[in-house]
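Accompanying notes for the structure given below.
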Amino acid sequence: MNPSLNAFRPGRLLVAASLTASLLSLSVQAATLTRDNGAPVGDNQNSQTAGPNGSVLLQDVQLLQKLQRFDRERIPERVVHARGTGAHGEFVASADISDLSMAKVFRKGEKTPVFVRFSAVVHGNHSPETLRDPRGFATKFYTADGNWDLVGNNFPTFFIRDAIKFPDMVHAFKPDPRSNLDDDSRRFDFFSHVPEATRTLTLLYSNEGTPASYREMDGNSVHAYKLVNARGEVHYVKFHWKSLQGQKNLDPKQVAEVQGRDYSHMTNDLVSAIRKGDFPKWDLYIQVLKPEDLAKFDFDPLDATKIWPGIPERKIGQMVLNRNVDNFFQETEQVAMAPSNLVPGIEPSEDRLLQGRLFAYADTQMYRVGANGLGLPVNRPRSEVNTVNQDGALNAGHSTSGVNYQPSRLDPREEQASARYVRTPLSGTTQQAKIQREQNFKQTGELFRSYGKKDQADLIASLGGALAITDDESKYIMLSYFYKADSDYGTGLAKVAGADLQRVRQLAAKLQD
(Lines of atoms letter the chains of each structure in order from A and count residues from 1; the text may use other names and numbers.)
(Lines give C-alpha, C1' and ligand atoms only; values in the text may rest on other atoms or scores of the structure.)
Protein backbone atom coordinates (compact mmCIF):
# COMPACT_ATOMS: atom_id res chain seq x y z
CA MET A 1 0.00 0.00 0.00
CA ASN A 2 1.15 3.52 -0.76
CA PRO A 3 2.21 5.10 2.59
CA SER A 4 0.72 8.40 1.49
CA LEU A 5 -2.73 6.85 1.66
CA ASN A 6 -2.41 6.04 5.37
CA ALA A 7 -3.88 9.41 6.28
CA PHE A 8 -7.11 8.42 4.57
CA ARG A 9 -7.70 5.19 6.51
CA PRO A 10 -11.15 5.20 8.21
CA GLY A 11 -9.69 5.03 11.70
CA ARG A 12 -7.50 8.04 11.09
CA LEU A 13 -10.42 9.94 9.57
CA LEU A 14 -12.47 9.43 12.74
CA VAL A 15 -9.59 10.56 14.94
CA ALA A 16 -9.02 13.64 12.78
CA ALA A 17 -12.70 14.52 12.78
CA SER A 18 -12.91 14.07 16.54
CA LEU A 19 -9.81 16.22 17.06
CA THR A 20 -11.18 18.95 14.78
CA ALA A 21 -14.51 18.96 16.62
CA SER A 22 -12.71 19.17 19.96
CA LEU A 23 -10.59 22.10 18.82
CA LEU A 24 -13.65 23.93 17.50
CA SER A 25 -15.55 23.34 20.73
CA LEU A 26 -12.66 24.87 22.64
CA SER A 27 -12.46 27.98 20.44
CA VAL A 28 -16.17 28.65 19.74
CA GLN A 29 -18.93 27.85 22.22
CA ALA A 30 -22.02 27.23 20.09
CA ALA A 31 -25.27 28.82 21.21
CA THR A 32 -28.51 26.88 20.93
CA LEU A 33 -30.54 27.79 17.85
CA THR A 34 -34.11 28.75 18.81
CA ARG A 35 -37.35 29.86 17.25
CA ASP A 36 -38.71 33.35 17.95
CA ASN A 37 -40.58 32.02 20.99
CA GLY A 38 -37.30 30.88 22.54
CA ALA A 39 -37.86 27.15 22.05
CA PRO A 40 -34.87 25.17 20.74
CA VAL A 41 -34.81 24.01 17.11
CA GLY A 42 -34.30 20.29 16.55
CA ASP A 43 -33.52 20.30 12.81
CA ASN A 44 -32.87 23.40 10.71
CA GLN A 45 -31.63 21.52 7.63
CA ASN A 46 -34.59 19.32 6.66
CA SER A 47 -38.32 19.99 6.42
CA GLN A 48 -40.71 17.61 8.16
CA THR A 49 -42.42 15.37 5.59
CA ALA A 50 -44.95 12.55 5.46
CA GLY A 51 -42.46 9.78 4.80
CA PRO A 52 -39.50 9.93 2.40
CA ASN A 53 -41.63 10.90 -0.62
CA GLY A 54 -44.60 12.62 1.01
CA SER A 55 -45.64 16.25 1.24
CA VAL A 56 -44.21 18.74 3.72
CA LEU A 57 -46.29 18.92 6.90
CA LEU A 58 -48.12 22.07 7.94
CA GLN A 59 -47.07 21.36 11.54
CA ASP A 60 -43.40 22.10 10.72
CA VAL A 61 -43.49 25.39 12.61
CA GLN A 62 -39.76 26.03 12.13
CA LEU A 63 -40.16 25.97 8.34
CA LEU A 64 -43.30 28.12 8.46
CA GLN A 65 -41.78 30.67 10.82
CA LYS A 66 -38.60 30.99 8.73
CA LEU A 67 -40.63 31.64 5.58
CA GLN A 68 -43.05 34.02 7.32
CA ARG A 69 -40.23 36.07 8.79
CA PHE A 70 -38.32 36.07 5.50
CA ASP A 71 -41.41 37.42 3.72
CA ARG A 72 -41.56 40.32 6.18
CA GLU A 73 -37.88 41.31 6.47
CA ARG A 74 -38.20 44.59 4.61
CA ILE A 75 -39.90 47.77 5.74
CA PRO A 76 -41.05 50.47 3.28
CA GLU A 77 -38.14 52.14 1.51
CA ARG A 78 -37.66 55.82 2.26
CA VAL A 79 -39.28 57.87 -0.50
CA VAL A 80 -36.16 60.06 -0.42
CA HIS A 81 -32.76 59.37 1.20
CA ALA A 82 -33.18 55.61 0.66
CA ARG A 83 -29.52 54.80 -0.07
CA GLY A 84 -27.47 55.54 3.02
CA THR A 85 -24.89 54.54 5.59
CA GLY A 86 -24.49 55.40 9.25
CA ALA A 87 -22.04 55.57 12.13
CA HIS A 88 -21.92 56.38 15.83
CA GLY A 89 -19.83 59.08 17.44
CA GLU A 90 -19.65 61.96 19.87
CA PHE A 91 -20.17 65.71 19.75
CA VAL A 92 -18.26 67.95 22.16
CA ALA A 93 -19.40 71.54 22.63
CA SER A 94 -16.43 73.90 22.61
CA ALA A 95 -17.96 77.34 23.10
CA ASP A 96 -20.27 78.96 25.62
CA ILE A 97 -23.35 80.07 23.69
CA SER A 98 -25.70 80.40 26.65
CA ASP A 99 -26.31 83.92 25.36
CA LEU A 100 -28.00 82.28 22.38
CA SER A 101 -29.51 79.00 23.60
CA MET A 102 -30.43 77.21 26.81
CA ALA A 103 -30.06 73.78 25.11
CA LYS A 104 -27.76 71.62 27.23
CA VAL A 105 -26.09 70.15 24.14
CA PHE A 106 -24.35 73.51 23.64
CA ARG A 107 -22.92 73.85 27.16
CA LYS A 108 -19.15 74.21 26.89
CA GLY A 109 -17.49 70.84 27.44
CA GLU A 110 -20.75 68.87 27.15
CA LYS A 111 -20.23 65.47 25.49
CA THR A 112 -23.21 64.13 23.56
CA PRO A 113 -23.50 60.73 21.81
CA VAL A 114 -24.56 61.04 18.16
CA PHE A 115 -25.65 58.87 15.27
CA VAL A 116 -25.09 60.19 11.75
CA ARG A 117 -26.80 58.91 8.62
CA PHE A 118 -25.34 59.97 5.27
CA SER A 119 -27.43 59.34 2.18
CA ALA A 120 -28.24 60.00 -1.44
CA VAL A 121 -31.47 61.96 -1.81
CA VAL A 122 -33.25 60.89 -4.99
CA HIS A 123 -31.97 57.48 -6.00
CA GLY A 124 -33.22 54.23 -4.47
CA ASN A 125 -31.64 51.74 -2.13
CA HIS A 126 -28.69 49.85 -3.69
CA SER A 127 -28.26 52.51 -6.40
CA PRO A 128 -24.64 53.41 -7.28
CA GLU A 129 -23.20 56.05 -4.96
CA THR A 130 -21.53 57.71 -7.93
CA LEU A 131 -24.87 58.98 -9.27
CA ARG A 132 -25.34 62.74 -9.36
CA ASP A 133 -27.42 63.62 -6.31
CA PRO A 134 -27.53 65.88 -3.26
CA ARG A 135 -26.32 64.05 -0.15
CA GLY A 136 -28.12 63.87 3.15
CA PHE A 137 -26.18 64.66 6.32
CA ALA A 138 -28.50 63.90 9.25
CA THR A 139 -27.31 63.87 12.87
CA LYS A 140 -29.22 62.55 15.88
CA PHE A 141 -27.93 64.06 19.13
CA TYR A 142 -28.86 62.01 22.22
CA THR A 143 -28.91 65.05 24.52
CA ALA A 144 -29.73 65.38 28.21
CA ASP A 145 -32.91 67.24 27.16
CA GLY A 146 -34.06 64.53 24.72
CA ASN A 147 -33.16 63.78 21.11
CA TRP A 148 -32.35 66.60 18.70
CA ASP A 149 -32.18 65.78 14.99
CA LEU A 150 -30.22 68.13 12.72
CA VAL A 151 -31.45 66.89 9.34
CA GLY A 152 -29.46 68.58 6.57
CA ASN A 153 -27.64 68.14 3.26
CA ASN A 154 -24.18 68.66 1.83
CA PHE A 155 -25.60 71.61 -0.17
CA PRO A 156 -26.30 74.78 1.86
CA THR A 157 -29.43 75.54 -0.20
CA PHE A 158 -32.40 73.62 -1.58
CA PHE A 159 -34.30 73.60 -4.88
CA ILE A 160 -37.60 74.99 -3.58
CA ARG A 161 -38.70 77.37 -0.84
CA ASP A 162 -42.24 76.13 -0.13
CA ALA A 163 -43.13 72.62 1.07
CA ILE A 164 -46.23 72.53 -1.11
CA LYS A 165 -43.88 71.92 -4.07
CA PHE A 166 -41.96 69.10 -2.39
CA PRO A 167 -43.95 66.07 -3.67
CA ASP A 168 -43.92 67.48 -7.22
CA MET A 169 -40.19 68.15 -7.08
CA VAL A 170 -39.45 64.61 -5.90
CA HIS A 171 -41.73 63.14 -8.58
CA ALA A 172 -39.89 65.16 -11.24
CA PHE A 173 -36.52 63.89 -9.98
CA LYS A 174 -37.64 60.27 -9.81
CA PRO A 175 -37.70 57.97 -12.86
CA ASP A 176 -40.49 58.19 -15.43
CA PRO A 177 -43.42 56.18 -13.96
CA ARG A 178 -44.02 54.57 -17.36
CA SER A 179 -40.53 53.22 -18.01
CA ASN A 180 -38.76 53.58 -14.63
CA LEU A 181 -35.94 55.36 -16.49
CA ASP A 182 -34.25 58.56 -15.33
CA ASP A 183 -35.07 61.49 -17.59
CA ASP A 184 -33.47 64.93 -17.21
CA SER A 185 -36.13 66.45 -19.47
CA ARG A 186 -38.80 65.75 -16.82
CA ARG A 187 -36.73 67.61 -14.25
CA PHE A 188 -36.19 70.65 -16.44
CA ASP A 189 -39.85 70.71 -17.43
CA PHE A 190 -40.59 71.13 -13.71
CA PHE A 191 -37.71 73.48 -12.87
CA SER A 192 -38.49 75.77 -15.81
CA HIS A 193 -41.39 76.84 -13.58
CA VAL A 194 -39.15 77.17 -10.49
CA PRO A 195 -36.51 79.89 -11.06
CA GLU A 196 -35.46 79.81 -7.40
CA ALA A 197 -33.85 76.41 -8.08
CA THR A 198 -31.03 77.79 -10.26
CA ARG A 199 -28.42 77.99 -7.48
CA THR A 200 -28.98 74.46 -6.19
CA LEU A 201 -29.19 73.06 -9.72
CA THR A 202 -25.79 74.63 -10.30
CA LEU A 203 -24.47 72.82 -7.23
CA LEU A 204 -26.05 69.56 -8.39
CA TYR A 205 -24.52 69.59 -11.88
CA SER A 206 -21.15 70.80 -10.63
CA ASN A 207 -18.61 68.31 -9.29
CA GLU A 208 -20.13 68.94 -5.84
CA GLY A 209 -23.01 66.75 -7.04
CA THR A 210 -20.64 63.76 -7.09
CA PRO A 211 -18.68 63.74 -3.81
CA ALA A 212 -15.66 61.46 -3.49
CA SER A 213 -16.54 60.35 0.04
CA TYR A 214 -18.77 61.15 2.98
CA ARG A 215 -15.69 61.89 5.09
CA GLU A 216 -14.62 64.62 2.67
CA MET A 217 -17.98 66.37 2.56
CA ASP A 218 -19.41 69.31 4.49
CA GLY A 219 -22.94 69.44 5.87
CA ASN A 220 -25.52 72.19 6.29
CA SER A 221 -28.82 72.70 8.08
CA VAL A 222 -30.15 74.39 4.89
CA HIS A 223 -32.87 76.02 6.98
CA ALA A 224 -32.61 78.71 9.61
CA TYR A 225 -33.60 77.70 13.13
CA LYS A 226 -34.36 79.76 16.21
CA LEU A 227 -32.10 79.54 19.23
CA VAL A 228 -33.77 80.65 22.47
CA ASN A 229 -31.86 81.52 25.63
CA ALA A 230 -33.02 81.32 29.25
CA ARG A 231 -34.38 84.88 29.06
CA GLY A 232 -36.59 83.99 26.10
CA GLU A 233 -34.48 85.98 23.63
CA VAL A 234 -34.44 84.72 20.05
CA HIS A 235 -31.70 84.53 17.44
CA TYR A 236 -31.91 82.94 14.00
CA VAL A 237 -29.08 80.56 13.10
CA LYS A 238 -27.87 78.33 10.30
CA PHE A 239 -25.69 75.31 11.15
CA HIS A 240 -22.70 74.20 9.07
CA TRP A 241 -20.53 71.08 9.44
CA LYS A 242 -16.96 71.62 8.17
CA SER A 243 -15.03 68.43 7.35
CA LEU A 244 -11.56 68.33 8.91
CA GLN A 245 -10.64 65.88 6.14
CA GLY A 246 -11.22 68.65 3.57
CA GLN A 247 -13.60 68.49 0.63
CA LYS A 248 -13.07 66.22 -2.36
CA ASN A 249 -15.33 65.65 -5.36
CA LEU A 250 -15.25 63.49 -8.49
CA ASP A 251 -15.16 64.98 -11.97
CA PRO A 252 -17.14 63.24 -14.76
CA LYS A 253 -14.16 61.11 -15.86
CA GLN A 254 -13.46 59.98 -12.30
CA VAL A 255 -17.14 59.12 -11.78
CA ALA A 256 -17.00 56.60 -14.63
CA GLU A 257 -13.74 55.12 -13.34
CA VAL A 258 -14.97 54.75 -9.74
CA GLN A 259 -18.36 53.32 -10.68
CA GLY A 260 -16.66 50.63 -12.74
CA ARG A 261 -14.74 49.48 -9.65
CA ASP A 262 -17.09 50.09 -6.74
CA TYR A 263 -20.70 51.27 -6.76
CA SER A 264 -20.59 51.60 -2.94
CA HIS A 265 -17.44 53.72 -2.82
CA MET A 266 -18.73 56.22 -0.25
CA THR A 267 -19.97 53.56 2.17
CA ASN A 268 -16.79 51.52 1.76
CA ASP A 269 -14.63 54.57 2.43
CA LEU A 270 -16.44 55.51 5.65
CA VAL A 271 -16.68 51.98 7.05
CA SER A 272 -13.05 51.18 6.20
CA ALA A 273 -11.71 54.40 7.71
CA ILE A 274 -13.53 53.88 11.02
CA ARG A 275 -12.54 50.20 11.10
CA LYS A 276 -8.86 51.23 10.77
CA GLY A 277 -9.17 53.81 13.55
CA ASP A 278 -9.00 56.76 11.15
CA PHE A 279 -11.98 58.52 12.73
CA PRO A 280 -13.45 61.38 10.65
CA LYS A 281 -14.17 64.71 12.33
CA TRP A 282 -16.29 67.75 11.61
CA ASP A 283 -16.40 71.16 13.28
CA LEU A 284 -19.85 72.66 13.81
CA TYR A 285 -20.29 76.36 13.02
CA ILE A 286 -23.26 78.68 13.27
CA GLN A 287 -24.23 81.91 11.54
CA VAL A 288 -26.35 84.18 13.70
CA LEU A 289 -28.94 86.86 12.91
CA LYS A 290 -31.08 88.94 15.23
CA PRO A 291 -34.80 89.05 14.37
CA GLU A 292 -34.52 92.72 13.41
CA ASP A 293 -31.78 91.82 10.88
CA LEU A 294 -34.16 89.77 8.73
CA ALA A 295 -35.58 92.87 7.05
CA LYS A 296 -32.15 94.27 6.14
CA PHE A 297 -31.43 91.86 3.25
CA ASP A 298 -32.48 92.28 -0.38
CA PHE A 299 -33.72 88.68 -0.22
CA ASP A 300 -35.67 86.75 2.41
CA PRO A 301 -33.14 85.15 4.83
CA LEU A 302 -35.72 82.48 5.71
CA ASP A 303 -35.79 81.31 2.08
CA ALA A 304 -34.19 77.83 1.90
CA THR A 305 -32.86 78.59 -1.61
CA LYS A 306 -30.48 81.24 -0.20
CA ILE A 307 -27.23 81.34 1.76
CA TRP A 308 -26.32 84.15 4.17
CA PRO A 309 -23.29 85.78 2.50
CA GLY A 310 -21.14 88.00 4.67
CA ILE A 311 -22.51 86.69 7.98
CA PRO A 312 -19.56 85.45 10.07
CA GLU A 313 -19.38 81.83 11.20
CA ARG A 314 -18.79 80.91 14.82
CA LYS A 315 -17.39 77.51 15.85
CA ILE A 316 -19.39 75.84 18.63
CA GLY A 317 -18.16 72.24 18.73
CA GLN A 318 -16.64 69.20 17.08
CA MET A 319 -18.00 65.78 16.13
CA VAL A 320 -16.04 62.57 15.68
CA LEU A 321 -17.44 59.34 14.22
CA ASN A 322 -15.66 56.44 15.91
CA ARG A 323 -17.88 53.35 15.71
CA ASN A 324 -19.48 51.48 12.84
CA VAL A 325 -22.96 50.05 13.24
CA ASP A 326 -23.35 46.52 14.58
CA ASN A 327 -26.37 45.81 12.40
CA PHE A 328 -27.20 47.87 9.31
CA PHE A 329 -30.94 47.23 9.34
CA GLN A 330 -31.48 47.78 13.06
CA GLU A 331 -29.52 51.03 13.12
CA THR A 332 -28.98 52.69 9.73
CA GLU A 333 -32.24 51.50 8.19
CA GLN A 334 -34.48 51.94 11.23
CA VAL A 335 -33.10 55.26 12.43
CA ALA A 336 -35.89 57.83 12.21
CA MET A 337 -34.60 61.37 11.65
CA ALA A 338 -37.05 64.27 11.68
CA PRO A 339 -36.57 68.06 11.95
CA SER A 340 -39.47 68.06 14.44
CA ASN A 341 -37.25 66.28 16.99
CA LEU A 342 -36.18 69.42 18.84
CA VAL A 343 -35.23 70.23 22.43
CA PRO A 344 -35.77 73.33 24.61
CA GLY A 345 -33.57 76.13 23.31
CA ILE A 346 -33.92 75.10 19.64
CA GLU A 347 -37.08 75.92 17.68
CA PRO A 348 -38.11 75.95 14.01
CA SER A 349 -38.05 79.20 12.08
CA GLU A 350 -40.84 80.40 9.81
CA ASP A 351 -39.03 78.95 6.75
CA ARG A 352 -41.91 77.62 4.61
CA LEU A 353 -40.04 74.52 3.50
CA LEU A 354 -38.97 73.67 7.06
CA GLN A 355 -42.54 74.08 8.30
CA GLY A 356 -43.66 71.35 5.90
CA ARG A 357 -40.72 69.08 6.74
CA LEU A 358 -41.64 69.25 10.44
CA PHE A 359 -44.74 67.20 9.61
CA ALA A 360 -43.63 65.20 6.57
CA TYR A 361 -40.50 63.64 8.06
CA ALA A 362 -42.12 62.59 11.34
CA ASP A 363 -45.10 61.24 9.42
CA THR A 364 -43.05 59.20 6.96
CA GLN A 365 -40.99 57.71 9.80
CA MET A 366 -44.21 56.66 11.54
CA TYR A 367 -45.27 55.01 8.27
CA ARG A 368 -41.90 53.24 7.88
CA VAL A 369 -41.20 52.02 11.43
CA GLY A 370 -44.58 52.39 13.13
CA ALA A 371 -46.15 54.47 15.86
CA ASN A 372 -43.63 53.11 18.37
CA GLY A 373 -40.60 53.58 16.13
CA LEU A 374 -39.03 56.11 18.48
CA GLY A 375 -38.78 53.30 21.03
CA LEU A 376 -36.35 51.35 18.85
CA PRO A 377 -32.84 51.30 20.35
CA VAL A 378 -31.29 53.60 17.72
CA ASN A 379 -34.11 56.14 18.19
CA ARG A 380 -34.59 55.84 21.94
CA PRO A 381 -33.61 58.96 23.92
CA ARG A 382 -31.01 58.72 26.70
CA SER A 383 -33.28 60.91 28.80
CA GLU A 384 -36.38 59.47 30.49
CA VAL A 385 -39.50 59.24 28.32
CA ASN A 386 -42.67 59.99 30.30
CA THR A 387 -45.57 60.39 27.89
CA VAL A 388 -49.29 59.62 27.79
CA ASN A 389 -49.05 58.44 24.18
CA GLN A 390 -49.95 54.76 24.27
CA ASP A 391 -50.49 51.41 22.57
CA GLY A 392 -50.10 50.83 18.83
CA ALA A 393 -48.31 48.05 16.98
CA LEU A 394 -45.04 46.73 18.44
CA ASN A 395 -45.35 48.57 21.74
CA ALA A 396 -42.42 47.13 23.68
CA GLY A 397 -42.90 49.30 26.76
CA HIS A 398 -44.07 48.21 30.19
CA SER A 399 -46.48 50.74 31.67
CA THR A 400 -47.83 50.08 35.17
CA SER A 401 -49.75 53.32 35.66
CA GLY A 402 -53.52 53.44 35.38
CA VAL A 403 -53.36 57.13 34.46
CA ASN A 404 -52.96 57.51 30.69
CA TYR A 405 -53.99 61.15 30.58
CA GLN A 406 -52.79 64.53 31.80
CA PRO A 407 -53.44 66.57 33.96
CA SER A 408 -53.99 64.28 36.92
CA ARG A 409 -53.69 64.38 40.71
CA LEU A 410 -53.52 60.57 40.93
CA ASP A 411 -50.30 60.30 38.94
CA PRO A 412 -49.16 63.86 38.18
CA ARG A 413 -46.86 64.69 35.29
CA GLU A 414 -45.67 68.26 35.47
CA GLU A 415 -45.15 70.53 32.49
CA GLN A 416 -41.89 72.45 32.24
CA ALA A 417 -42.65 76.12 31.76
CA SER A 418 -39.19 76.86 30.33
CA ALA A 419 -39.91 74.41 27.48
CA ARG A 420 -42.80 76.49 26.12
CA TYR A 421 -42.38 77.79 22.59
CA VAL A 422 -41.22 81.37 22.41
CA ARG A 423 -43.79 84.02 21.54
CA THR A 424 -43.55 85.31 17.97
CA PRO A 425 -45.12 88.66 17.00
CA LEU A 426 -47.45 88.43 13.99
CA SER A 427 -49.25 90.84 11.67
CA GLY A 428 -51.21 90.73 8.42
CA THR A 429 -53.87 88.36 7.13
CA THR A 430 -53.95 84.75 6.00
CA GLN A 431 -52.81 84.39 2.41
CA GLN A 432 -51.47 82.13 -0.31
CA ALA A 433 -48.76 84.12 -2.07
CA LYS A 434 -45.08 84.10 -2.99
CA ILE A 435 -42.51 85.62 -0.69
CA GLN A 436 -41.84 89.27 -1.53
CA ARG A 437 -38.03 89.26 -1.82
CA GLU A 438 -37.18 86.40 -4.20
CA GLN A 439 -33.89 87.41 -5.88
CA ASN A 440 -33.63 84.12 -7.76
CA PHE A 441 -30.43 84.60 -9.76
CA LYS A 442 -27.81 86.77 -8.02
CA GLN A 443 -26.43 84.05 -5.73
CA THR A 444 -26.28 81.62 -8.67
CA GLY A 445 -23.94 83.95 -10.53
CA GLU A 446 -21.78 84.41 -7.44
CA LEU A 447 -21.53 80.64 -7.04
CA PHE A 448 -20.51 80.12 -10.68
CA ARG A 449 -17.82 82.80 -10.46
CA SER A 450 -16.44 81.21 -7.28
CA TYR A 451 -15.48 78.05 -9.22
CA GLY A 452 -12.11 77.63 -10.88
CA LYS A 453 -11.81 77.23 -14.66
CA LYS A 454 -11.85 73.42 -14.62
CA ASP A 455 -14.84 73.24 -12.29
CA GLN A 456 -16.68 75.76 -14.47
CA ALA A 457 -15.91 73.71 -17.57
CA ASP A 458 -17.07 70.46 -15.92
CA LEU A 459 -20.29 72.16 -14.76
CA ILE A 460 -21.05 73.56 -18.22
CA ALA A 461 -20.38 70.18 -19.86
CA SER A 462 -22.58 68.26 -17.40
CA LEU A 463 -25.49 70.71 -17.22
CA GLY A 464 -25.31 71.71 -20.88
CA GLY A 465 -25.38 68.06 -21.92
CA ALA A 466 -28.50 67.45 -19.85
CA LEU A 467 -30.22 70.55 -21.27
CA ALA A 468 -29.40 69.45 -24.82
CA ILE A 469 -31.90 66.58 -24.61
CA THR A 470 -34.65 68.64 -22.96
CA ASP A 471 -37.73 69.87 -24.82
CA ASP A 472 -37.07 73.13 -26.65
CA GLU A 473 -39.23 75.47 -24.56
CA SER A 474 -37.99 74.18 -21.20
CA LYS A 475 -34.40 74.30 -22.45
CA TYR A 476 -34.59 77.97 -23.44
CA ILE A 477 -36.33 78.99 -20.22
CA MET A 478 -33.66 77.24 -18.15
CA LEU A 479 -30.86 78.77 -20.23
CA SER A 480 -32.35 82.22 -19.69
CA TYR A 481 -32.22 81.66 -15.92
CA PHE A 482 -28.54 80.74 -16.00
CA TYR A 483 -27.72 83.57 -18.43
CA LYS A 484 -29.47 86.02 -16.09
CA ALA A 485 -27.27 84.73 -13.27
CA ASP A 486 -24.04 85.12 -15.26
CA SER A 487 -23.67 85.83 -18.99
CA ASP A 488 -20.54 83.66 -19.36
CA TYR A 489 -22.34 80.81 -17.60
CA GLY A 490 -25.38 81.09 -19.85
CA THR A 491 -23.29 81.47 -22.99
CA GLY A 492 -21.28 78.34 -22.24
CA LEU A 493 -24.40 76.31 -21.52
CA ALA A 494 -26.14 77.53 -24.68
CA LYS A 495 -23.18 76.42 -26.79
CA VAL A 496 -23.13 72.91 -25.31
CA ALA A 497 -26.92 72.60 -25.47
CA GLY A 498 -26.98 73.69 -29.14
CA ALA A 499 -29.21 76.70 -28.46
CA ASP A 500 -29.64 80.07 -30.18
CA LEU A 501 -27.80 82.51 -27.90
CA GLN A 502 -29.76 85.51 -29.18
CA ARG A 503 -33.04 83.88 -28.15
CA VAL A 504 -31.56 83.09 -24.72
CA ARG A 505 -30.53 86.73 -24.26
CA GLN A 506 -33.98 87.98 -25.20
CA LEU A 507 -35.66 85.73 -22.65
CA ALA A 508 -33.14 86.65 -19.94
CA ALA A 509 -33.74 90.36 -20.53
CA LYS A 510 -37.35 89.92 -19.44
CA LEU A 511 -36.43 88.42 -16.07
CA GLN A 512 -36.39 90.43 -12.86
CA ASP A 513 -34.02 89.77 -9.98
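A Cβ is built for glycine as well, from the same backbone N, Cα and C atoms used for every other residue.
What Swiss-Prot annotates here:
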| type | residues | note |
| --- | --- | --- |
| SIGNAL | 1-30 | signal peptide |
| ACT_SITE | H81 | active site |
| ACT_SITE | N153 | active site |
| BINDING | Y361 | heme binding site |
| COMPBIAS | 391-407 | compositional bias 'Polar residues' |
| REGION | 391-413 | region 'Disordered' |
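Within 10 Å of the C-beta of Y361 (heme binding site) we count 21 further C-beta atoms, all protein chains included.
Distance from the CA of H81 (active site) to the CA of the residue listed as 'heme binding site' is 11 Å. DSSP assigns N153 (active site) to a strand in the three-state reduction. For the region 'Disordered' (391-413), the number of residues in each DSSP class (helix H, G, I; strand E, B; coil) is 0 helix, 0 strand, 23 coil. N153 (active site) is 10 Å away from H81 (active site) when you measure Cα to Cα.
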